[in-house]
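Per TrEMBL, these features apply:
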- 30-50: transmembrane segment (TRANSMEM)
- 41-513: domain 'Major facilitator superfamily (MFS) profile' (DOMAIN)
- 110-129: transmembrane segment (TRANSMEM)
- 141-163: transmembrane segment (TRANSMEM)
- 169-197: transmembrane segment (TRANSMEM)
- 209-230: transmembrane segment (TRANSMEM)
- 236-256: transmembrane segment (TRANSMEM)
- 320-341: transmembrane segment (TRANSMEM)
- 361-382: transmembrane segment (TRANSMEM)
- 389-406: transmembrane segment (TRANSMEM)
- 418-443: transmembrane segment (TRANSMEM)
- 455-477: transmembrane segment (TRANSMEM)
- 489-509: transmembrane segment (TRANSMEM)
């Protein structure tokens with residue numbers, strides 16, 4: 001581990017080749033704000049491509065397992081049509097609506113649910129290891145490996161179309177490996193953004209930045225839906241190629257931290273982890289000249305090699321466990337929509353009409369449009385109130401009636417379906433976005449760490465990894481429950497949202513008590529000032 005750590009630290013301090021190229025063109029060093037812009041754009045692009053690659057499965061589901069009104073279609077094995085040519089020149093032809101074995105059998109929906117489980121279970125498990133690695137190696141390298149690996153295995157799923165693969169275990173193994181590489185993304189991008197931005201307006205900035213989740217879902221849906229008519233394999237291969245290309249851009253340009261590129265921090269960024277450490281000082285030391293001087297107890301990474309925080313230590317940081325468990329249920333709801341909403345729409349008569357697979361996929365993107373608004377709104381409100389738990393819990397409680405109305409009245413007309421879908425997306429994705437971004441970054445730079453900045457990736461991985469366990473369970477249960485009743489699925493989602501809100505009760509009470517105490521303190525101070533003015 002020693003040589004590995006030293007090599008990682010040496011590479012971490014060397015600016016990426018793209019940054020060196022830009023500085024050679026400008027003939028001067030890039031400013032701190034320019035580096036911040038590069039970080040926001042690249043990490044946004046990176047995680048957009050992660051979600052675009054992840055979203056394709058939900059769009060292709062109804063193509064692999066079509067539920068047609070034609071009698072017996074669902075139970076007929078994959079149909080092969082040959083062109084009227086000599087035997088040696090016959091070619092295999094597939095038409096949209098044929099389905100794809102083994103997913104078009106009677107247990108096809110359950111098999112697709114098992115694929116989701118396999119992907120998300122490995123993703124959740126890999127998240128813990130990725131966070132551990134992220135605090136111990138160059139995040140740029142880790143992110144590049146994850147993106148290129150994700151691209152390869154996402155594309156290999158689509159290759160099954162041309163290779164005429166009908167073995168379930170091929171798709172299962174490919175999905176598991178894709179999930180493993182996908183797990184490198186979130187801890188890495190949050191840690192990098194946390195390195196460059198202090199707590200000031202973090203909720204709003206990260207709320208806007210977290211739109212990458214919804215933008216990725218929307219772009220992934222549109223790309224996958226557009227490619228279906230050319231063969232469902234393209235719905236996987238094209239997003240796979242895009243994320244691999246984005247990974248190369250990350251390798252060439254991403255500055256992991258200010259120390260990595262020698263950038264001087266702006267004044268408004270001095271509430272970052274290292275600054276928190278600089279506020280803790282040794283009382284008095286004696287210099288060589290015999291003078292008493294004060295030195296910071298904790299200095300920057302450039303001067304001291306900070307030890308990465310352990311897995312168990314990170315769990316003990318105040319607030320980590322409640323938010324992690326809350327995210328378990330929040331992501332259960334969000335990922336059930338991510339993986340099953342297009343399928344649900346295609347199988348639900350809206351105003352008495354069934355929509356095509358492509359139209360259902362396009363319509364489902366409005367859920368993510370609502371998610372963008374919810375993420376920004378939750379971040380802004382939490383910044384204004386300085387109350388992350390109150391904001392997250394309030395959104396989770398509001399998502400319960402939104403889910404009820406979407407299921408009960410969304411089928412009456414297209415307009416109502418769109419309105420309730422937007423509302424549901426806003427309340428479901430708002431707290432999910434807040435917890436996985438601003439809350440994770442806040443807790444990764446918690447005062448109890450005494451300035452140690454090497455906990456961001458680990459804390460982020462714990463919170464999002466725990467949430468991803470719920471993300472694996474939700475779609476799996478939906479695969480089985482939906483075969484009997486979609487109303488039962490929505491009941492499960494409403495119960496999960498309720499539990500998510502209740503898990504933050506202790507933190508909500510603490511924040512309310514702090515607000516009351518602050519209000520009383522300000523009122524007391526104002527009274528004293530008035531009394532002093534009266535005496536004068």
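Quick reminder: no glycine exception, Cβ is built from N, Cα and C everywhere.
Given the structure is predicted, the values throughout are model-derived calculations rather than measurements.
Tertiary proximity for the transmembrane segment (110-129) is limited to same-chain residues at least six positions away from its ends with a CB under 8 Å from its CB atoms, namely 57, 61, 64-65, 102-103, 168, 171-172, 175-184, 186-187, 311, 335, 339, 461-462, 464-466, 468-469, 471-473, 475-480, 483. Contact between the transmembrane segment (418-443) and the transmembrane segment (169-197) is supported by 3 or more Cβ pairs under 8 Å, counting only residues 6 or more apart in sequence. Contact check: the transmembrane segment (236-256) against the transmembrane segment (320-341) gives fewer than three Cβ pairs closer than 8 Å, residues 6 or more apart, which falls short of the contact criterion. Listed as Cβ neighbours of the transmembrane segment (389-406) (distance under 8 Å, sequence separation of 6 or more from its ends, same chain) are residues 322-323, 326, 330, 333, 374, 378, 381-382, 417, 420-421, 423-424, 426-428, 430-431, 434-435, 439, 490, 493-494, 497-498, 500-501, 504-505, 507-508, 510-512. Stretch with the largest number of CB pairs closer than 8 A to the transmembrane segment (141-163), among 30-50, 169-197, 320-341, 361-382, 455-477: 169-197. Residues of the same chain lying 6 or more positions beyond the ends of the transmembrane segment (361-382) and with a Cβ under 8 Å from any Cβ of it are 58-59, 203-208, 210-211, 213-215, 217-218, 221-222, 224-225, 337, 341-342, 345, 355, 388, 390-392, 395, 417-418, 421-434, 437-438. Outside the transmembrane segment (169-197), and at least 6 residues removed from its termini, the chain residues within Cβ reach (under 8 Å) are 35-36, 39-40, 43, 46-47, 50, 53-54, 57, 114-115, 118-127, 129-131, 133-135, 139, 142-143, 145-147, 149-150, 152-154, 156-157, 160, 205-206, 209, 254-258, 269, 272-273, 436-437, 440-441, 444-445, 453, 456-458, 460-461, 464-465, 468.
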